[in-house]
Structure formats: structure tokens, C-alpha cells
Amino acid sequence: MDGQNDGSGGVCSRPHGAATDGKKKKKEERKEKIPDRVTLKKEIGLLSACTIIIGNIIGSGIFISPKGVLEHSGSVGLALVVWLLGGCIAALGSLCYAELGVTIPKSGGDYSYVTEIFGGLMGFLLLWSAVLIMYPTTLAVIALTFSSYVLQPVFPNCVPPYMATRMLSATLLLTWVNCSSVRMATRIQDVFTVGKLMALGLIIVVGLVQIFNGNYEALTPQVAFSLDRTPSVGQIALAFLQASFAFSGWNFLNYVTEEVVEPRRNLPRAIYISIPLVTFVYTLTNIAYFSSMSPEELLSSNAVAVTFGEKLLGMFSVIMPISVALSTFGGINGYLFTSSRLCFSGAREGHLPSLLAMIHYRNCTPIPALLVCCTATIVILCIGETHNLINYVSFINYLSYGVTIAGLLYYRWKKPNLYRPIKVNLLVPVCYLMFWALLLGFSLYSEPVVCGVGLVIMLTGVPVYFLGVHWKEKPKCIYNFIERATYVGQRLCFVVFPQIDPIEISRHLLLVWELPV
């Protein structure tokens, strides 16, 4: 009873049951906040969008082996021209992807565009090759590069132990980070991208000091374009191929379109900022290399940046291996972040198990998709044949670029009245496809076995598609097993299907009816 005597001559100052209500209130306050709507978070602003592109392009390649371009081009001057033109080709491709990204505003990049334009089978083949071999192999190579450079000071005179390089690959750590928070993952990408640019900035500054001190003989036109041998057209094509692989990653922002803030504005802006910046940095870095190293020294080095540091930085030469390690650490994070969204998009389209289309109820991260990417990478790491697999990956990767940009031209013809916030000149995709066909042709001519195996890997997805996706009348026991496995996965990962944004539904309907948004 309210206000009753408490037995000590006093009167209770609070009503009956208030203590219980207070405990309940405190308990509710301690509960973790669950978002009102479970969906992928739009936390990638313009800065993070730029760092995703730059961070995925700048990997270990520019630090370790720019010698491939010099080896095939035959001269310093021609090598620099190839680097510049390689950046221009990447810019052409990224302009095409900017149009596709704002016209088909879905995460998943090449896969989503090819599925939308050419149908399920073509999209599934890209998805199959990417999930099975392309991204796990690339991640494994980057992870091994990271662990090798971290362990280099511990094992200066020998190759690091096999198990040590696998244990320190950072894949598990960064998978945990990406599962925990989108914001944490993007902040790591921001920080390590700045670290990469600072390392390259150090190389460029030291190189410019060398040039101002008069050490630029190799860069004078008479010396730079002197040829010991005249390279064939095939050699020039291979030099471009080497440079193009160094620029790979320019399309990665398209894999996370749905998490970009105002993608129709920030997606093209990020591309316009990032690609010219990377091209500028790559070219200046190579000029810095040539200012202090002869072509013979560069060709004999397996880690150009490390050789550069040992020659010019003296006691500070340890900065270069650390820079490579930081660069590859950021690269692992970027590849995990984007490749998991590819799995997520594939599952949402019904091409992969539905569990992979689910996100954590509180963190809003695609945990099942991240775990699949991590597991596939660990399997490739244990197999150990990464350098053979990477040759097949390169062919599949380049093939997917060409098919996607060819899809842009077909989509223009198929839906001429569709509203396109960005519409590039037709010369842009045509020029890119001409260059692409040239490189692919010379790849097939020079490495028919490698290209053939890459094509076979992709085509193994045909029976999988018809059995797993196209065949709808499966036995009930199969559906029961899938349902049970999905239920167990949900309970283990605390994941649910994301809720659809009503604004995105209205935009999608407007796009279907080919009206401006």
C-alpha cells in the first residue's frame, strides 16, 4: 500500500513496486541497441570510397615488381609511356563502370551488371569463377606477401617457415574486423591507404632529390628511348598487361554500391579522383626508381622498393619492407570487404545459398559471406600452388572486364530510353574493348594452356548452375537439408535477411519504368 508505515516510525517514500520498475529500466538500458531496420549500412562517404579504390589498386606490385613492364618494353622511356597509358586504360574502364554503377545501383560489381544484362547463366559463371578461385587466390597471394615481409627481419638470411607465413597471414584477424563493423573496416582501409601513399611519397621525394642533384641520365630522351632490342608487338602487349594488372582493383567500389552514401554522386567522384591520382603516383614512383637504379639493377631485383631503400635510405632502409607489409595488410582488408559483398549479392539473386544473403542483426555485416571468403582463402593458402593459380586468375579477371563493358553497349541498345545519370561517350567503351581484345588475343597466343585452363575453370560452373539454380523441382530431402543448414547458420552467426529500404524500392520501380529519379 502506498505511503504505509515501514515499521520503524517512518513512512515509505516510494510506491510499492518502484524498485522492480527501476531494475527493469536499468536492464533495458544495458541492452545492446538493435537498429530499427536491419539493412546494409550506408557508411562509405567520398573519402572512404576513394580509399577503397586507391587501397585496392595499390598493393604489393608497385613495391616489388615493376620490372615486368621494363623487361617487356625494352627501354626506360617506353616503360614510362606504358605506365601512363595503363592508367588511361584503367580510367576508360572505370568511366564505363561509373555509368553501370549508377544505372544498375546494386552491390556486386561485374556479377550484378552481367546478370542484369545477359541473364543468370552468364552472371553465375562470373560469380562461380570469382568465388571459387579468383578472389581466394588473390587474397592468398597478398596474405603471403604480407607475412613474408613481416617475418623478413626475423629470418634475414633464409626463407620464412611454411607454417609461420600461413599463421601470420592476417586473414582471420581482418575477417573478424569486417564481421564486427563496417565503420572499423573502412577506417582501417583509410589509415592503411594513407600509409601506402606516404611510403610511395617517400620514394618519390628521394627520387626527386636525386634528380635535382643531377642523377637523371637514365631519364634523358637520348638514353631513355635507346633500345638494345626492338620489342615486338607481342612484347609491348605483355608490357601493357603487366601495367594493367598493377592497376587492377579500379572497379572494386562497384562491389559495395549499396553501402555508398549518395552513390550517384560519390561513385563517379571517387573514380575521377582516384584513378588520376594513382596514375600520377605510379608514374612518379617509376621515375624515382630510374633516377637511382640502372635498368640492369632494376631487372635483377625481386623487390625493387627494398633494393631502392637499401641503396639510398641507409639505416632507414627497413622502412621499405614495413611499407610493403602495410600495403598488403590494407590490400587484404579491401579484398575481404569487397569479395564478401559479391557473395552476398550472388546469394540475394538466388545463385548461392540464401544464408550468404543474411547480415548480422546488430552490426549489419554479411558474416556468412565473410566466413566463406575467409575459408576459401585459407584452403588456397594450405594448397600452396598460388603462383600457378594466379595465372588463371589473371585471364578470368580480364575476361570479366571485357564482358561487362560489352554489356554496357548491349544495354544501351536493349534499353535506349532508360534513365542514366551518367552516360559516357560511345568512344570510351569502344576504345577500351579494342585494347582489351588486343591484350586477350596476345594472351591466348602466348599462353594458350593457361588461358585454356582458366576458361575450363569458368565453364565448370555450367553444370553447377543447371543443377543448383535452374533445376527447381529438387527432391524434398534436399530442400529440408538446405532449410536445416540455413537455420543452424542463422543461430550460429545471429544473422537475418536485410530489410529493404522503401526509398530504394521506389527508385527501383522508377528504373524499371525507365523514368528519371
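Backbone N, Cα and C define each Cβ position, glycine as well.
Listed features, source TrEMBL:
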- 1-10: compositional bias 'Gly residues' (COMPBIAS)
- 1-32: region 'Disordered' (REGION)
- 44-64: transmembrane segment (TRANSMEM)
- 76-100: transmembrane segment (TRANSMEM)
- 121-147: transmembrane segment (TRANSMEM)
- 191-212: transmembrane segment (TRANSMEM)
- 232-250: transmembrane segment (TRANSMEM)
- 271-292: transmembrane segment (TRANSMEM)
- 312-338: transmembrane segment (TRANSMEM)
- 359-383: transmembrane segment (TRANSMEM)
- 389-412: transmembrane segment (TRANSMEM)
- 424-446: transmembrane segment (TRANSMEM)
- 452-471: transmembrane segment (TRANSMEM)
Looking only at residues six or more beyond either end of the transmembrane segment (76-100), which have a C-beta under 8 A from one in the stretch?
57, 69-70, 109, 113, 218-219, 221, 223-225, 227, 231, 236, 239-240, 243-244, 246-247, 250-251, 254, 267-268, 271, 275-276, 278-280, 282-283, 286-287, 290, 295, 401, 404-405, 407-408, 411, 420, 422-424, 428-429, 431-432, 435
The transmembrane segment (452-471) and the transmembrane segment (389-412): do they have three or more Cβ pairs under 8 Å, with pairs 6 or more apart in sequence?
yes
Grab the same-chain neighbours of the transmembrane segment (424-446) for me: Cβ-Cβ under 8 Å, and only residues 6 or more beyond its ends, written as numbers and ranges.
89, 92-93, 95-96, 98-99, 233-234, 237-238, 240-241, 244, 395, 398-399, 401-402, 405-406, 408-409, 412
At a threshold of under 8 Å on Cβ distances, which of 44-64, 121-147, 232-250, 359-383 pairs most often with the transmembrane segment (271-292)?
44-64
Under 8 Å for C-beta pairs, could you tell me which stretch among 44-64, 121-147, 191-212, 452-471 has the largest tally with the transmembrane segment (232-250)?
44-64
